[in-house]
């Protein structure tokens, strides 16, 4: 019998719909796979066996149908799931069971997708390696001694390890795309406002974007269609039809890109990247040209300021968003032994509940927003944000999409970038501009460098998510997929 | 010159309600200094006449109607509370302003 | 120095920040109800409890109400503005930041005119903005529920997130010794304006309208002095008292060669003075920044015009109309307004009282009583319906003026409606002719000499016998009726 965990979401959905296999069988196969390999991968923080099987049974009973009905999914632990622990990989939320579902989780449930469990991540989505998870890092299925990327390393690793056919991620500065790149999977950051943030534990509200992760572009597009769309509970949600990403992915799969102009970001095509990353990127460009695409070099002079602007805006918003974790209404409380005042208990709780990277960012953000520093830091970063948006807008007058490597380096060994926090930040060098602009971007596997996956990033104008899916599917058809060694 | 001093870090930690240890203060002061020196590069951009962007989506006037929606029950509201008493969240004594 | 002496030497500058809790059905950023007095934490949800992941969405009615308040205060309405986060930690504020407005308020540059002692004063309005209320904290273990000495606190978030409008005046100089009265008149006028809009019940005693008062003193010709901010000023009377006591306190310090520190002070209802709170020097840095979870507010000009067209009659216009109806002078009407009695009298008339009667009770007996009790007129303990019922009893001859005052005293003391008090205290005018005749006959029998004089035509002597009858009936008889009956019994009528 076929190993169900090796199939794409699209083929699983077809087999379930035709009753060739049951949703319970598919779900069980993935739960068994998790039981077998997750002790080594550690992609999951919590597995909800009963919840997943209950949902699968509903599909088998014919209560729910739809394009992904019965296809199980893993959800990043930063998204609330009613009655199922949600911790954002932080000690401060250990054991917290939300009394409500995030909008995107509601949609997954409505679509009949069994939720296998919650995936590991950097604490509060702050990091690029999952090394900042309070519950231990996730190991990259390509090499268990290397990072799976971050913050959504758990979701990406779960896909690469065949523990789930689909996963939900969130992308604030690259947390979907960079893990996708270093695990050889696909990760898309939709247009900001295209997917609801209601129920996504906020890191940086003006940047956070939930998005789909899959092993193929088509699977990712299918999930994108299920999760995206207007949500009146999110004030920044865009009340417009979701771009037809499924059709675009199918179109791209045909391998014809005639008339499509790809803009190579000059500033991101040079020495910032490892040689192996750069050569895989260049090979991919050639492959795309063969499919009929035209390559245009474009300059985005302000992109060089994206990283500094991001590391002011994101921590500033985070310092405020994370203020609610004070040990009063939920989560951890420390020091409440009768001898401390509330102020002290709050400080002890936050000190004990947050990890070092979260504390660093809270302190930086508090600094950047302080009177006296606001104009020079937060205010200036917001102006830079305007300039980056203008760079994108003028680039998209010349080209259909922009392309770059997803991240400058392949999966690095654990511990190699934790001593100097800024070295870790460089992992997001190429992904951050898109977040500041608000447009969509996707990472698709494009080759290997010394046996490790390299990601190719395609960035599109806001609400033109379909464009990037077309190019991504074309590239996928040209370079094929990349399978990690057996675990 | 350092962008941020140990004392400033201590002050910011107090503002952020983080009871950081002495050892953390030493470590953070150095790390934050490196980060701040790097991010200070935003200041190189001549942006005096550039409007700031606070929201990437150009939306305005997003409202809900004044129509009640179901609340959580008291039990649900208190379900995650570290401590509760008679329907309320219990917290240790709050420092008096004059204390 | 006496208060008057202080004001010949120093010039006060006063400013007011007033918070009005809107009467919307739901909260500012979520659909939770805003009913007063619900069981604790039963009107909360992920949004107003600040559960991880929850997001706010603005209540259109609250924005409309804020714009209407701005328009009623003659403000300009911003074409584009944003909400901002005010960051500080406090347990009754679930997010540990307040969603408010900072440098982009919804309404700016307005004014309110008030009349005190026949003179009009213009109070400039700097800004009107929208924000959210906090939860309520109960302090346990200390004396009388105060924070000081408490061993723990209990928090209820039902109130957290209820829309709150903040109305900030410009600093007002040049008010002289009338500053306290003018401050009070401004708050009364503001209350009437907001109440007329129907967007809040503006009940200071329930906390749906709260004031902070800024006060400073300077010598004539010199720069304005350092101001203090007095919080916790929760009645019209307290506004006046707070300004007065702060003027007196500051003058004493300045006269001693001392300095005024910029600080927050708390008004003490019991003593009528202010007490030092957290000093502003150590005040936290609020780290305001534009709220990324809410998009900008850009009210369409058509919407603003619509809201403007829907504004009700202005209280000042209404007062002119009522003055006509009630037939009173402008000065009398102004004292009615400044006493906060316009609506009370109006409602009393609507409940069936004559205009003169309604005004007499509210501005006389009840105003005196409110003053004694140190409460606002509305909180004196009598309702317009009760006052109307009282006046009707007087009109029907069942109560005379003296008895009516006693009945009102009972009503204010909580003994029930006028009819009930009249019955329970046995205060009705004696109209029973049999009982009265008996009392008259007894008086005649007891005073044969006076009776003889009257029979001889010395009618003036009747007064003594009427007095005797009134005494035996304990004032419950109608003096004229007694006199008529007496003359009849003596055969002189």
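Placement of Cβ uses the backbone N, Cα and C atoms for every residue, glycine included.
Unlike curated entries, TrEMBL annotations are predicted automatically.
Per TrEMBL, the features are as follows:
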- A:76: active site, charge relay system (ACT_SITE)
- A:151: active site, charge relay system (ACT_SITE)
- A:175: active site, acyl-ester intermediate (ACT_SITE)
- A:25-467: domain 'Amidase' (DOMAIN)
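Here the features listed in TrEMBL are placed on the structure.
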{"residue": "A:76", "record": "active site, charge relay system", "DSSP class": "strand"}
{"residue": "A:151", "record": "active site, charge relay system", "DSSP class": "coil"}
{"residue": "A:175", "record": "active site, acyl-ester intermediate", "DSSP class": "coil"}
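The average pLDDT for the domain 'Amidase' (A:25-467) in the predicted structure is 97. A sphere of 10 angstroms centred on the C-beta of residue A:76 (active site, charge relay system) encloses 33 other C-beta atoms. The Cβ of residue A:151 (active site, charge relay system) has A:78, A:121, A:122, A:125, A:126, A:127, A:128, A:130, A:132, A:170, A:172, A:175, A:179 as same-chain neighbours under 8 Å, each 6 or more residues away in sequence.
Note on the residue listed as 'active site, acyl-ester intermediate': other Cβ atoms within 10 Å of its Cβ, all shown chains, come to 35.
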